[in-house]
Ligand SMILES: NCc1[nH]cc(CCC(=O)O)c1CC(=O)O
């Protein structure tokens, strides 16, 4: 028997995600035992400040990166959307899982099925806020942080009429029935990588397990989406968004460009060969920047 240690954040969703990878590996590799090692990350510990203020996405991955470098774990599993755009060469993403539902959903307070005029919607994501503001011009947005369970608890107990969550997380927790309104990827463009899990490992160790997890379509979509964000990203609180869908040999990429000066945003598409995913992301970003900045 050989052992593979997967590192994960210790939230219910993160452990569930690590378990998805564990199950997939053990189903194919009967000689392998996968252990899940959980750890608290800075992003999970500091809950009273907005992520933008305490250093952004990297906070959820730093502790796991360190554990990988020190060989306390062999792999780490992350929601791709929580990973920084620039990843250390030493710790590459070795596999991308098949994408879960990439859409965002609005969850209403139990017993309600809408947001009243002036009602408070909890979201700390500027990406979600700017897009929802257009769909719900009369509601008020207020920050809300914490994992899925914490946010649903705050929705029940505090002055929120709604909160926004990714369908992917709800699906993995078998909770999609809480979704009150599911937005199409056109209504609310998802975060780059939303719904995809990234399996990170050490350089040179891309192992025997990769084949049973990796999804080439997810990798192509991720390449395009992340290239778009990388070109435009002015900082971790920037609300830009991107979503790619593979159809045969083509990638259809949707990009959302946000203009700080008047807080307006624009959504455009580009279709091209899957071989050019990264260039497409960069081109779409540069074209929109030129047009709208
Ligand atoms: N930032 C937290 C986070 N990171 C990934 C997901 C959902 C799962 C995914 O996108 O794969 C969530 C929860 C949410 O946004 O509702």
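We count from 1, first residue shown onward.
Using N, Cα and C of the backbone, Cβ positions are placed for all residues, glycine too.
As annotated by TrEMBL, domain 'Porphobilinogen deaminase N-terminal' applies to 4-206.
Positions annotated as domain 'Porphobilinogen deaminase C-terminal' by TrEMBL: 222-289.
Among the features that TrEMBL reports, S-(dipyrrolylmethanemethyl)cysteine is placed at 236.
Residue counts for the domain 'Porphobilinogen deaminase C-terminal' (222-289) by DSSP state, with H, G and I taken as helix and E and B as strand, are 27 helix, 27 strand, 14 coil. Mean pLDDT for the domain 'Porphobilinogen deaminase N-terminal' (4-206) in the predicted structure: 92.
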